[in-house]
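What follows is a single structure, written as structure tokens, with notes after it.
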């Protein structure tokens, strides 16, 4: 058979075809077969390389065979999918339960070759669905799982195949799916009731096998997301998944397990912790990683750090005010010694550095000797108070409001696993993006903001824009107050002394006011630019920052350019603003109210570059 015929079969001996079966005398063992391999053959033969990745959910195409199938025996006919020949032989009296000389049944051969029609026929003729056979004493379901045939696994389980049965090596169905890295099959088995922490004959969970036998972060990370226990222990050596990963030198799995909270102090049957095993395998990297995590966890458990962590936000705000006041007071000291001021500023910087390293707040009262420049009018005071109140309100709403994190219940996750047979655990709503900083899928995500230490999404985006508006106006009030102070207390002779003379005069007049002016200018620069960009994207494009960046990136790759304004969400300037801010204007405007966590791209064109990505996350 030629490779171009596209038929992969599993057969007895070497026939010049791409086949799995008996022959060659090779022993079978568990390994890390990648997607380019035919896999390790349950009959004891290592498969040949296939010319490209095969889709395990597709039924193999029937190839035109150069030789007449009427002369084939039933084993070969099963392997190549010659259903009519098989029916002919069975009608002639062949027993479908009869194993061959190596104790392999017809159902095994049909399962490993993904012959759905033959499986259906054999079961109708009385084939035993969970018949053990082959060198590894496996069921047909085990063979299908090893080979990665998801459609065959689904079919066999519908006929009653039991994935909890163990093969000759003690591995159950879920363990085999993890060992051979067939995550869609693993997800399907768990959706059908297989426990993620179910032990094999040796008491090892799938997570232990993944950490020990598969180098890399997957499928360890996948199993942890499915709520696998990171501190379970096996029956023989009392090793946890972290013990297994350390013994295998699997650094990626060690990092994943530590992030999930795996214990570094857990002892096995010999009294060894993971750090002890790291010394035994002579891995300096693992020794350092585990020691650092152990030290950090010991510090985190102290009562003082727990108290500071509980009130961290409040203490950071207090510390920030103290630092600002201290710098202003030092600059405004009644002394002509700039050396003294410099030494004090260095001390403040050292305290800031020490505090940021230790993550401690300093309870320190600083007297702020502010000179009153002038008594502002009641109107100015009222507007400033309203402005700063709005700033604090919109900042807190931006921080505390859920940005639109997409969540799925366990039932929904199981439904997605069952329907799609994949390792993605939820459908991705339209305009949603996965944030790696938050490790969450955020509906209509704009960006991850360092100013609120969180994501800007569908539900807090309007508050963030209004926060930028309030911050820009507050900076203008700072400019106004500084200029009014200088005009009354700092006579400038710009025409006579020039720019440098004016700056020197301002510094000598009030370093504190100059410091506030520079600080306000620094904040106004990024706030105003970011506000303009946000308003442009919202009003004129109808896009988020993430969508605009994604479209601009794809625009460079597409042969035919397209305008960013030509997208399904751009409804015009007025309607874009009304829908974004949910303006009603006493009934004059009617904004569209949408829950973006539940919006999926059904009625919109999938040809648009915005919708070319997958729907699951």
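Cβ coordinates are placed from backbone N, Cα and C, and glycine is handled just like the others.
Positions annotated as region 'Disordered' by TrEMBL: 20-71.
Taken from TrEMBL, the feature compositional bias 'Gly residues' applies to 32-46.
According to TrEMBL, the feature repeat 'ANK' maps to 102-134 (among others). Per DSSP, the secondary structure of the repeat 'ANK' (102-134) breaks down as 16 helix, 1 strand, 16 coil.
Per TrEMBL, the feature repeat 'ANK' maps to 136-168 (among others).
The repeat 'ANK' annotation in TrEMBL covers 169-201 (among others). Looking at the repeat 'ANK' (169-201) alone, the prediction's average pLDDT is 94.
Panel annotation: around the repeat 'ANK' (202-235), residues 30, 32, 170, 174-175, 178-179, 181, 183, 186-187, 190, 196, 241-242, 244-245, 247-250, 252-253, 255-257, 260-263, 266, 268, 423, 425 of the same chain, lying at least six beyond its termini, place a Cβ under 8 Å from a Cβ of the stretch. Here TrEMBL flags 202-235 (among others) as repeat 'ANK'.
The repeat 'ANK' annotation in TrEMBL covers 237-269 (among others). Helix, strand and coil counts from DSSP across the repeat 'ANK' (237-269) read 17 helix, 0 strand, 16 coil.
Look at TrEMBL and you will find 313-331 (among others) tagged as transmembrane segment.
Marked as transmembrane segment by TrEMBL: 337-356 (among others).
According to TrEMBL, the feature transmembrane segment maps to 377-396 (among others). Long-range contacts of the transmembrane segment (377-396) within the same chain: residues 452, 463-464, 466-467, 470-471, 473-474, 477, each at least 6 residues beyond the stretch ends and with a Cβ under 8 Å from a Cβ of the stretch.
Annotated domain 'Palmitoyltransferase DHHC' per TrEMBL: 426-550, in sequence order.
Remote same-chain partners of the transmembrane segment (463-486), defined as residues 6 or more beyond its termini with a Cβ less than 8 Å from a stretch Cβ, comprise 373-374, 376, 383-384, 387-388, 390-391, 394-395, 397-398, 401, 446, 449, 452, 456, 492, 506, 509-510, 513-514, 516-517, 519-521, 523-524, 527-528, 530-531, 534-535, 538, 580. Residues annotated as transmembrane segment in TrEMBL: 463-486 (among others).
Among residues of the same chain six or more beyond the transmembrane segment (498-522), those with a C-beta under 8 A of the stretch's C-beta atoms are 324, 327-329, 331-332, 370-371, 373, 474-475, 478-479, 481-482, 485-486, 489-492. Under the heading transmembrane segment, TrEMBL lists 498-522 (among others).
Residues or ranges marked as transmembrane segment by TrEMBL: 528-546 (among others).
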